[in-house]
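Peer 1: Got a structure for you, questions after.
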Protein chains: 2
Amino acid sequence: MIRYDVGQGEFKDWVVAESGFSPNQLRKFEAVMALGNGYMGLRSAMEESYFGEKRNLFVNGTFNQADPTEVTELPNLADVTQIDFYIDGERFHLEIGETDEYVRKLNLKTAELTRSFKWTSPKGKTFQFHCRRFVSLAERHLIGMKVEVEALNESASVQLVSAINGQTTNTGAQHFLNGVPRIYGDDLLEYVQTTRQSNVDIALVSQHRLSKEATVDKLMDRRKVGVGYQFNLVPGEKVTLEKFTTVYTSRDREFLPNGADQETVKQQAHDTLEKVTQKSYDELRDEHRQAWFDQIWNRYNIEIDSQDNFDQLAVRFSIYHMTIMTPDHDSRMGIGAKGLSGEGYKGHSFWDTEIFVLPFFTYSNPEVARSLLTYRYYGLESARAKAEENGYEGAMYPWEMAFPDDGEVTPLYGDIDIVTGERSKIWTGLIEQHITADIAFAVNQYYNVTNDEAFLNDYGYEMVFDSANFWASRYEWNEAEARYEIHNVIGPDEYKEHVNNNAYTNYMSYFNLKLAIKYYEFLSAQNENVFATLNEKLDLQQNYENWKEKAEKVFLPAPREEDQVIPQDDTYLSLPEIDLDKYKKQEQPRTIYKDYNQPQINGLQVTKQADVLVLLYLLEQTFLKDEVEFDAALKRANFDYYEPRTLHDSSLSLSTHAIVASDFEKMDMAYRMFRRAAEIDLGQNMKSSQEGIHAASIAGIWSISVFGFAGVRLTPDGLSVNPTLPNEWNSITFNVDWRGEQLRFEITREQCTISKDSQTELPIVIQNEVRKLKDTLTVPLALQYN
Amino acid sequence: MIRYDVGQGEFKDWVVAESGFSPNQLRKFEAVMALGNGYMGLRSAMEESYFGEKRNLFVNGTFNQADPTEVTELPNLADVTQIDFYIDGERFHLEIGETDEYVRKLNLKTAELTRSFKWTSPKGKTFQFHCRRFVSLAERHLIGMKVEVEALNESASVQLVSAINGQTTNTGAQHFLNGVPRIYGDDLLEYVQTTRQSNVDIALVSQHRLSKEATVDKLMDRRKVGVGYQFNLVPGEKVTLEKFTTVYTSRDREFLPNGADQETVKQQAHDTLEKVTQKSYDELRDEHRQAWFDQIWNRYNIEIDSQDNFDQLAVRFSIYHMTIMTPDHDSRMGIGAKGLSGEGYKGHSFWDTEIFVLPFFTYSNPEVARSLLTYRYYGLESARAKAEENGYEGAMYPWEMAFPDDGEVTPLYGDIDIVTGERSKIWTGLIEQHITADIAFAVNQYYNVTNDEAFLNDYGYEMVFDSANFWASRYEWNEAEARYEIHNVIGPDEYKEHVNNNAYTNYMSYFNLKLAIKYYEFLSAQNENVFATLNEKLDLQQNYENWKEKAEKVFLPAPREEDQVIPQDDTYLSLPEIDLDKYKKQEQPRTIYKDYNQPQINGLQVTKQADVLVLLYLLEQTFLKDEVEFDAALKRANFDYYEPRTLHDSSLSLSTHAIVASDFEKMDMAYRMFRRAAEIDLGQNMKSSQEGIHAASIAGIWSISVFGFAGVRLTPDGLSVNPTLPNEWNSITFNVDWRGEQLRFEITREQCTISKDSQTELPIVIQNEVRKLKDTLTVPLALQYN
């Protein structure tokens, strides 16, 4: 069972805990309690092994194609965490004997995982175990572990067997050539492995430090190297094993620009290991903890006073996971849909990054946001290639992206089609195209929040212009209606394949065109050099005319007069409806794919996730706000229509719904959705996170808090704040980076206080009225609602 | 714990049993209780899964190279045996709850594996389980399974989840491209997989038959397809699930000569499945059982009356495993050193086949022996290529052989070198060369026992001539001694690498030359056509002179005058000795490699396994018997010298020692070694067979009985019998195929009776005196020992 109330004192509302060992929840906790530092991610499998566990260690950016019939993915490195304990020759694990006082804790503040329990063997010998580990933020290549075993009542012969195990696969797919194991002396293990196709060398080196003399057994197996320490424990005696592992790959930033050969990678792993092992586990952990304080908690400091402490914990959980999943160190890498916490979605980046995760960084750590957008810039060439392959112009971003050069990496087949019994064909890589506009949207949002013109000059303009070129080439002319349409796409609602004029796609493509036009006009007037360079590269002047011509005639599905509902696509509103109760109920909803296959669902008025609603939420943050005239009533009308038809069968759905619900003060529903979004990973459902946490819904916890409840929003005029705290909340305090300044928001039920350190004046919009923010601005909340 | 006394009535001394579930012995029992039919081998992992299990399904001959850095091996196919039981949502397994009346039985007579037990869940619900399975000998492509669950005290919600799981690897090496899963209806699973390098298509199709209505869940995962059946059980209610799987590969004999495309392979799997599933599990099992009776037990019928019933069981165990490991259906395939019962030795064939396993077939089923030798004939081209690569002439057989064309497939690296911490280099593939002579020896033995001249004409002559050519080119001239020597080899004692003039190798190469000379003279006189063909191909006349020239001057290390000890190689007898007690003790002997690395062991007077002794045992069966003048006293002297220096650190060692010890009536020792040889796989040591049973020592159980205790032996004059039963034995009865006749030997402590059906006279030697055997010859044993 997962518990939220275990943290005490300094760590109150900082600890996610498992209060008893549960073999059914191994995978869930491996993901939810995953460790990482953006460079690498480590699932929290136990030291001792269990059937059904999934040991994963990923290093960001090391993509490899296991097989010509599969797409590239993040390979699961050799496991370094397995330490098996043999007590009098019998392997210790928690499914046998008696376990007491079991608690496993992920301390979000220190980013350390600990586990302690008493265990009595089937023969009646009792031991106290303490296990600790961290993936260092101070030294990104370091994994530290410490295990302690104490004999409480009887003497025992104990053997600790610790390994680097390269027998791991990605659910059966082996990404690595047979590696080379080696042992140095009695305590130092080395395993070097190379990916089959992408030729990335990986060196893992583990140093051991045992507190006691022991008989040493050196172990070598295929793809595996290990060491066994055998000793006797007498009652009251405690033994400690520290294990430090360094991980380097030939793709590491350290080795840019030319990469490194295997020998260099290995040597670097040894050098760093030798350096860090001058210190103890506790010292290294303290350095790691300090890094978390300095870089993370001190910066993102968000506090929530809620009737339920869960909410504070959930927001910290959100920031914790966004930190460990994000490769802030290397702009050649993106964020996976499951972060680095599982094999799900293969480490690929989706629109989840730009629309759901990126805003956290844009508003609180713009340098990281810049790096993530630069990753998309590096993908521009392969986006152009994809456009060309598909008969279009400009840059058509891949629906799923891995290493920038890899291009489109969406798999071709998915889960079972229950009608045919075959794997279902995945169409998203071919026809879910809105991601190109989503990236342009994110560039603009980043620019508006940061004023980072250098980014636009270096990367952003080119991305926006060439994505506009894609859309301009993508439209189909409807002669009868005399308008440009977009046929045969998938919108955010992936239940609907091959639809025409998905509202989200059409509007966002229009936004992309208009943004290009705006940028063109701005750039041509403001920056001759950059304009000249890009003009030469992209023939801007001619494209500009094309954008304007196309933009004027894009079909933008209008709200129906009778009820203000925007048609999700050409046919949605006329499809038959079915009773969705069993799929929508909160306790164990049934997956609709168990009853219908994709072609059948395509014909029903049922939506997977926010579609029209995301559009409404995004567009009002742009210069199109006034042009398209989406008002609060329209938002509410569409919410009321679509939400009952939406199964929230994607982790991207609830946060948008909660934010939109906040906008029209449907706070009970908004809060319930906040909780549900948080509970996708942090709840009691034991299966939901097995393949990895849900990056988008985890970001959503923060987004609902700041954009929804605190009501912070970008407007064409500047930053707006319009808080509507749920009844359960008394206050929220957080930071926002706004154009180079860190603003501190303190919002209570009575007032909103905005403070900053510097003397600069900043425009901030309260209630649509622009004010100049200097030092501290305190606004009684009553003012907000007239 | 393994038990031998569980079989009752008809099955007395036919049942190998496990009397309690032991998680430490999963792998041992998987191998020891493995099922198979020569076409395929299936390790006996439980239906429900456990950590540490090794599920293996191999189809003979489907070799694939997983990786350019590794050698080809038998790939582990998708698992079809996993059936997980969920009771009220919790996964059933035997490490939780209470288990009573547990017994798992491998019935050697019926070749069926059964398991039954009562299990009480942690919540107190009790169930009776019965699981059965077989790998059919009547339909070689069929695996049949049946599981029954009965609720004994409370109602429960039960789910059975059955899969074809292609996530399996060979200890981390993935041989297959991502496969294609499919479900037909509610009960039929299909998985098609293709090896990465050798391009073998494999189709597995599983049909299910449940005795009760159930809710069906169709499951698909990466490389996996499954079906879940959910239902309620009330107390006293029993549900039965039958699962039938057919397995076909594009390399199957059925598809010769051109192989088959994937569609054809798949269709054949479906067709056979559809045919067999007209019948019930029990009917199909009965057909399988009848095949075992007709083809195996009726033919090989061997009976032992011993004070310990274990001995009878052990010999049946030997025949059982020799049957399931041997591809009697296809002469393109050999016998792996672990049969098909594990990943050890990668399914490769060693000299183990010719010297240790083949005699069983030569003497009791010559057609199978012929097929196994034909496999070596098919390997002749790659043996020639190996000779050429190494700068020699003729045919140099690979130390390890896979599919005939694969050539030398010995891995380059082995287990840890405890001094350097690196993998140790494996030299056998380069310099363990005696196998070429061993194969020639086996050809001659086969011919002498069977008189199968057609085999010699078609295959045997060419093999013997071209292996002689290899030796003739292999010798090094020692000018000082004026003799041919063989430097830098490994003999049977693999502790000694890079030795000169290993006695076994030198003598056997000499035998090979002399055999070629003899065959040449015979053939040139007897069969003009064959001679002409081979002469054209191999330039026999010139080679013949060469053989004679070389044979005259081969250095054959002579026994030392003082003690009759034949030097194992040039330096062995002068090496320092160490105390070998801890490595030789029978209970948990320590592996010497834990203390010394290969170069160190190379410098010590310690032997891994029978070396000079095998030579003595083999040569006396040949026409060299008189020439080399090895007598009983010499045999004994060498036994007494080498045995104390031999660690029997190979499963090939004990059987030779036991046979030789029988020859000079050291019966206590011989019987002890018989038991130890049998206990390598059938004993209580829980780790010894984890990677698979030991084909050579399993064959040794039969060989010690027939060649050792019963004293049946080939002599230059014919078949000799000279029984010396151990004190524990009262009698042994068995069949021998001798030149087309089946002889029945009945040996008691008093007499030896040899009977046969036909009227033909056969020469048989009793006490080195040739008698004519007609009908029945009864020889009072007293005559044997004067």
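Every residue gets a Cβ built from N, Cα and C, even glycine.
Bear in mind that TrEMBL entries carry predicted annotations, made automatically and left uncurated.
From TrEMBL, for reference:
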type	residues	note
ACT_SITE	A:Glu494	active site, proton donor
BINDING	A:Trp351, A:Asp352, A:Lys608, A:Gln609	substrate binding site
DOMAIN	A:18-251	domain 'Glycoside hydrolase family 65 N-terminal'
DOMAIN	A:316-702	domain 'Glycoside hydrolase family 65 central catalytic'
DOMAIN	A:713-769	domain 'Glycoside hydrolase family 65 C-terminal'
Peer 1: Select the most exposed residue of A:Trp351, A:Asp352, A:Glu494, A:Gln609, where exposure means the fewest other Cβ atoms within 10 Å, treating these as the recorded positions.
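Peer 2: Ranked by other Cβ atoms within 10 Å, the recorded positions A:Trp351, A:Asp352, A:Glu494, A:Gln609 bottom out at A:Glu494.
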Peer 1: Fill in the CA-CA distance, A:Glu494 (active site, proton donor) to A:Gln609 (substrate binding site), as an integer in Å.
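Peer 2: Approximately 8 Å lies between the Cα of A:Glu494 (active site, proton donor) and that of A:Gln609 (substrate binding site).
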Peer 1: So, by DSSP, how many helix, strand and coil residues make up the domain 'Glycoside hydrolase family 65 C-terminal' (A:713-769)?
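Peer 2: Secondary-structure breakdown of the domain 'Glycoside hydrolase family 65 C-terminal' (A:713-769): 0 helix, 37 strand, 20 coil.
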Peer 1: Can you tell me the three-state DSSP label for A:Asp352 (substrate binding site)?
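Peer 2: Reduced to three states, the DSSP call for A:Asp352 (substrate binding site) is helix.
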Peer 1: I need the neighbours of the substrate site defined by A:Trp351, A:Asp352, A:Lys608, A:Gln609. Which other residues of that chain put their C-beta within 8 angstroms of the C-beta centroid, in sequence order?
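Peer 2: Everything else in range on the chain: A:Phe350, A:Pro492, A:Glu494, A:Ala610, A:Ser650, A:Ser651, A:Leu652, A:Ser653, A:Ala696.
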Peer 1: As a test of reading the model: what is the averaged pLDDT for the domain 'Glycoside hydrolase family 65 N-terminal' (A:18-251)?
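Peer 2: Mean per-residue confidence for the domain 'Glycoside hydrolase family 65 N-terminal' (A:18-251): 97 out of 100.
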Peer 1: To see if you understand the setup: which same-chain residues, six or more apart in sequence, place their Cβ under 8 Å from that of A:Lys608 (substrate binding site)?
Peer 2: A:Asp493, A:Glu494, A:Tyr495, A:Thr646, A:Leu647, A:Asp649, A:Ser650, A:Ser653
Peer 1: Look up the residue listed as 'active site, proton donor' in the DSSP assignment and reduce it to helix, strand or coil.
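Peer 2: Where the residue listed as 'active site, proton donor' sits, the three-state DSSP reduction gives coil.
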